[in-house]
Amino acid sequence: MGAPSALPLLLLLACCWAPGGANLSQDDSQPWTSDETVVAGGTVVLKCQVKDHEDSSLQWSNPAQQTLYFGEKRALRDNRIQLVKSTPHELSISISNVALADEGEYTCSIFTMPVRTAKSLVTVLGIPQKPVISGYKSSLREKDTTTLSCQSSGSKPAAQLTWRKGDQELHGESTRIQEDPNGKTFTVSSSVTFQVTREDDGADIVCSVNHESLKGADRSTAQRIEVLYTPTAKIRPDPPHPREGQKLLLHCEGRGNPVPQQYVWEKEGSVPPLKMAQESALIFPFLNKSDSGTYGCTATSNMGSYKAYYTLNVNDPSPVPSSSSTYHAIIGGIVAFIVFLLLILLIFLGHYLIRHKGTYLTHEAKGSDDAPDADTAIINAEGGQSGGDDKKEYFI
């Protein structure tokens, strides 16, 4: 019987001696807060709450143990610190334009017996500066290898740097971290090495800084590079299907950096070159069959030269069906269809008139059979003074 009677006493002792010294029966008088993270230059709100204030006021103190507010009364002359809410159960204050020096542990106290406190750790994030790219000095030649460096200061905690070329990610070296002289923020740096091609001419090499204080906002710097490369060329005829008697222009379209500045035309089997000039077009005012052959265009710049070829076949002067002739054919077809419809209409109309004309003549003939003969007349005459009432018929 002794063991069961001791169990309630053991449970009571376990509750009173809980880990951390918490007295569960007196938690209502213990204030509570929360840790806060704020970006430098922003505003943080510190909230302290208590369920049972025991007729005492709440108080906020900074990491240097300076009282900021005691209830609704301001204790520290700092216009950045403002009262948000003051009741017997809550004391909330705000700190605007937060600086790195404001980071630390803030204390909320309630002066009961004994005094109870709660801590709020304020973490201030240092915003990284816009990254700076160095290492690019002048134009690069195709297949050259170059190294660019990127640096950003002022981040807390240390930021990360990434590289990309247009939409393509570049794998640079790992971000290097160095503490700033203020002992609170960091300077980060990174380098990337790559070989350039002609497709990289005019490309942007971008260094971006990633940090939680940016909240997803882009903070990057771009360096546009110029790549010098040998020219290329192709020949384009105008018109595309030349015929005898037409005017023809052969355009030598050169591309490169720098762009080709000289074009030399030649025809296989013909000496000397046909044309040497800055203009890229070879003109045939009036094509002949003798103009057929293979033509070459050499485009030259400071980086080198490139030769393109085109085989010219002069076709017969017979016209090639064009869009205008097709248009005329369509119009002719429409006109023929309309004429055909008109002929059908005339045929039906003529047939209709013939049928109704015959019906009219038939009715006219029947009417003439019922009438008196045209050569017969019946003349009725009354007798005169001597003839009395007798009637006489005369046939003519």
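Think of each number as a place in line: the chain as shown, counted from 1.
Using the three backbone atoms N, Cα and C, a Cβ is placed for every residue, glycine included.
Remember, it's a predicted structure, so these values are computed and weren't measured experimentally.
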Study note, to complete from the structure: Between the ranges 45-76, 301-332, 365-396, TrEMBL assigns region 'Disordered' to 365-396
Exercise for review: On the DSSP side of things, how many residues of the domain 'Ig-like' (8-110) fall into helix, strand and coil, could you say?
Suggested key: 21 helix, 41 strand, 41 coil
